[in-house]
């Protein structure tokens, strides 16, 4: 019997996606990354068919003995590389992690202070997202335009006046660290808790190029496991022994998660091991690449945000493209050339301009994992110039992009040869490999 046409279409689309994004494009979305072949090999397993409500060794289902083992191991590994005491891997995304924390810390009608939207606050921090869905009032802290950050002095005054239930730092357009250690004492002085959303920078934190918010006074840290930390899509929550963590961990199930997508756990554990051995070199190369790309774009006539601050300290670069037609137009134009970025609000944009903002947000973490370094950032900047400034034929630029990618198809910062792992692995892992 031949395949049904519908099945052929599913397989055709999946193959096309794999070929296009894995081999032909420059993937510069700041919230994406790629797992290693080893992590992918354990991602598809029997765990993906199973349920395990509750915590390890305290389940509501039978048949979870290996789930308990892998979840405990994964949490231990994540705590080790994070230098933290507590980890919960059950949130299925960073936004779910935020929701679980916010709900424990406040009731509907309570107030929360967040980093200004201009300083990169994620939508889940706002009335338009998770906070709004929970009925919690969001109040933006004052913005320091010069430093593209929270205005510390004015924020301290606001904390003292508002006395919020909690304060949120961290963001999605996130070029420079928010002032955790400067604000933490003042947050705690009014009886509030400090939440740090490290979704974008978690890989930089465990790679030791970005300060640990837990060591600077944050009570709890939420993360994504698939941005600068190159694991499977999911979320996690960390603390250094805070009571808040215990409360959140008790309520993740049943409030926000029933089954927590168990196939993530082996892949998260593998990625944590990779980052234990390669995370620092990976994070260092990410930040070198982002700065190199920012400088190369500026040299070619682009208005790169944050020039007075060195452009960036994270994996991200932000570019104002208003003079070329705006973020929406330029992001689509770049995609035609197989360069994948996203349009993004810039600090001086109004929220209502979200559909056609001034800027582009660029992330270098995925192409860094494919082995690109500073010289390739120069090449990428030149490709941007050809498309946007020189108005070259996008099909010709696309061919250049595809040719460039031919040299960067293997994931780095992992164990070089999966066959070499057989001498270290159990028989069961050999079967998977």
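Any Cβ shown, glycine's included, is placed from N, Cα and C.
Annotated features in Swiss-Prot:
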BINDING   121, 122, 123, 243  (6S)-5,6,7,8-tetrahydrofolate binding site
SITE      226  site 'Plays an important role in substrate specificity'
MOD_RES   227  N6-(pyridoxal phosphate)lysine
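Annotated features taken from Swiss-Prot, shown on the structure.
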{"residue": "121", "record": "(6S)-5,6,7,8-tetrahydrofolate binding site", "DSSP (3 states)": "coil"}
{"residue": "226", "record": "site 'Plays an important role in substrate specificity'", "DSSP (3 states)": "coil"}
{"residue": "243", "record": "(6S)-5,6,7,8-tetrahydrofolate binding site", "DSSP (3 states)": "helix"}
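Using a 10 Å Cβ-Cβ cutoff, residue 243 ((6S)-5,6,7,8-tetrahydrofolate binding site) registers 11 neighbours.
Checked against the residue listed as 'N6-(pyridoxal phosphate)lysine', the binding-site residues 121, 122, 123, 243 differ in C-alpha distance, with 122 being the nearest.
With a cut-off of 8 Å between CB atoms and residues at least 6 apart in sequence, the same chain places 94, 95, 98, 129, 170, 171, 172, 197, 199 near residue 122 ((6S)-5,6,7,8-tetrahydrofolate binding site), listed in sequence order. Within 10 Å of the C-beta of residue 226 (site 'Plays an important role in substrate specificity') we count 26 further C-beta atoms, all protein chains included. Sequence-distant neighbours of residue 121 ((6S)-5,6,7,8-tetrahydrofolate binding site) (same chain, 6+ apart, CB under 8 A from its CB) are 114, 115, 140, 168, 171, 172. Listed recorded positions: 123, 227; maximum Cβ neighbour count within 10 Å falls on 227.
Between the alpha carbons (Cα) of residue 243 ((6S)-5,6,7,8-tetrahydrofolate binding site) and residue 226 (site 'Plays an important role in substrate specificity') lies a span of roughly 27 Å.
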